[in-house]
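A.B. asks: Pulled from TrEMBL, these are the listed features:
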- 62-100: domain 'RING-type' (DOMAIN)
- 148-212: coiled coil (COILED)
- 236-307: region 'Disordered' (REGION)
- 254-271: compositional bias 'Polar residues' (COMPBIAS)
- 290-302: compositional bias 'Polar residues' (COMPBIAS)
- 464-506: repeat 'WD' (REPEAT)
- 550-590: repeat 'WD' (REPEAT)
Amino acid sequence: MGGGGGERNSMGVLVPTVNAGETSAPAGAETEAAVVGTEVVVVTERVAEEEEEEEVDKDILCPICMQIIKDAFLTACGHSFCYMCIVTHLQNKSDCPCCSHYLTTNHLYPNFLLNKLLMKKSARQMAKSATPVEQLRQAIQQGCEVSVKELDSLLSLLMDKKRKMEQEEAETNLQILLEFLQCLKKQKVEELNEIQNDLQYIKEDINAVEKRRIELYRTRGRYSAKMRTLVDDSSAMTVRPPLRDKGSGAIVSSPVNIQEQGRAGTSQTRNTDTRAPRNPQIVQRKDDNQGGSDSQDPNQPGKSLARKRRVHAQFNELQDCYLQKRRYWARQSQKQGERVANIMNRKGYSAGLEDFQSVLSTFTRYSSLRVVSELRHSDIFHSANIVSSIEFDRDDELFATAGVSRRIKVFEFSSVVNEPADAQCPVVEMSTRSKLSCLSWNNYTKNHLASSDYEGIVTSVMEYEEHEKRAWSVDFCRTEPSMLVSGSDDCKVKVWCTKQEASVLTIDMKANICSVKYNPGSSAHIAVGSADQHVHYYDLRNISQPLYIFSGHRKAVSYVKFLSNYELASASTDSTLRLWDVNENVPLRTFKGHTNEKNFVGLTVNSEYLACGSETNEVFVYHKSISKPAARHRFVSDDQNDPDGDMGSFFISAVCWKRDGPTIVTANSQGTIKALVLAA
């Protein structure tokens, strides 16, 4: 019965880990229960010891600081304190902190026994918390008796441990080094393969270019030989005088004479290359055909040298552009199969080389901006002259300007360029009730011009007043001329139809809208530049969320413009322009060089170039394939109060290309408008 009771007591402790539904257990289970019961008893004893230690700890705590007593002193009333604690107390009071018995410093005595116990306890605690190495060191330092044989075995054990640890550490280091070298080898092999592929592209392109040069040389040689033959025939007919009849003076034309005349003429013209020709007309024709472009343009060698200098100045940028285009077209050929891998154009160039040649020729062609005309946008009734927007009409015959002067002025471009500055007047001038922020010509109807102003009003065929705050941007759709889109500080993008009085679509966004633009090839896609530092690309058939969000700018996106149906440019007050591919949803390039931190400085694009203003009162032009500026022009102050020409307070406020030509119209915050043309 007693054993049974003991068994029930053991099992009672294990209730949390035993199934309550079992009423009997096999012999093995009884043994296991006994072992576990013993473990529980040991644990209980340890807990009891810890509790006793805690009680002892409480007994050795100083009643004043509640810490383990240091330098224990005993009072006459039998209480122990830290010496510094009780002395400090007695400086203020003359009683015991525990029993309030009268007490002075004369009644304090060192408690040697307690100090000895505290030292032993401290040593035991340190021994418990010390590592085995520290315990061994302490034992040896305390003079523990150890024989020489025990020390030898201990040293041998330690040396074995040391060698094992050194070996493990060496293996770990070698493993790390090996992994690094393998990773480096893989990276360098990939770079080597890429370089070998690039070298193969370069060799192929060198062969193609040399072959093309030989073909051009041969073609030019055949053409020159043909023209030389024609010149020789003409010289023979004009240099040798005809035979005349002695009696009548008439011209004698015999077949024999004609043949001899032809032979003589041919041999004569071969010898007349070193002599001055007699017929000036023949000289002109010969020079025109043999001289080529060099004879027609005496400055051609200088222009060629200048273009070569531009290549060397931007060599790294051009190198990156070449390799990027060559690799891209190589990947495209691999995707589309071998049937297009070897397709060449009529010059024998690959697609990548032809693409790069176009970039190289257009980029090196221009290096500066030349002023062709200048006019003032001043108004005697308004002191503010900032031009916010410049736009050309569909035929590039007229351009309109608008800004804070509350006036839209339409100029004829040919008159601005050809007539004197004093005679330049707008052909149309319209007043508005608020400052204007943006203009947009209708691509189909020449006399339709839309505007947005600081009161949030969008004006086209009619006025739209749904925006609650300042409207920054408006744009006509190119494929659907009755549609236009606007963006405002009220965080709304609105789509309008010129045939309706209310907006047909509204997109609510979380930040201010700085710019909106239709995709030139679609009436269903728009790009939105926002103060949230992103470019949002929407499909108007599903406005629940953007089709793409282009991230990269570090400040507000002030402008968005399309170079083509898939190339989108954006400007930001982080002093950068960025180019995006809206089909692949990837960034293409970042352009740096101008300064733009707070103002709207304008952005305009064509199929090859981007142009923007700068807060340094300069116009910057970038080629779309090169990150650095291709040309720039600085406005010079004509203010009499600014004799040094310091334009720090002025900035470029609007720019606009004249379609795909080299001409750009730009204006600054002073109201000066200039027509610039790209020049060598």
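Keep in mind that glycine also has a Cβ here, set from the backbone N, Cα and C atoms.
Those TrEMBL annotations? Automatic predictions, nothing curated.
What you are looking at is a predicted structure, and each value in this text was computed from that prediction instead of being measured.
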A.B. asks: Report the DSSP secondary-structure composition of the repeat 'WD' (550-590) as helix, strand and coil residue counts.
C.D. replies: 0 helix, 25 strand, 16 coil
A.B. asks: Quick test of the contact rule: Cβ under 8 Å, at least six residues beyond the ends. What residues does that give for the domain 'RING-type' (62-100)?
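C.D. replies: Distant contacts of the domain 'RING-type' (62-100): 107-111, 114-115, 118.
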A.B. asks: With helix taken as DSSP H, G or I, strand as E or B and everything else coil, how many residues of the domain 'RING-type' (62-100) land in each class?
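C.D. replies: Helix, strand, coil within the domain 'RING-type' (62-100): 8 helix, 9 strand, 22 coil.
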A.B. asks: Summarise the repeat 'WD' (464-506) as counts of helix, strand and coil residues per DSSP.
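C.D. replies: Residue counts in helix, strand and coil order: 0 helix, 21 strand, 22 coil.
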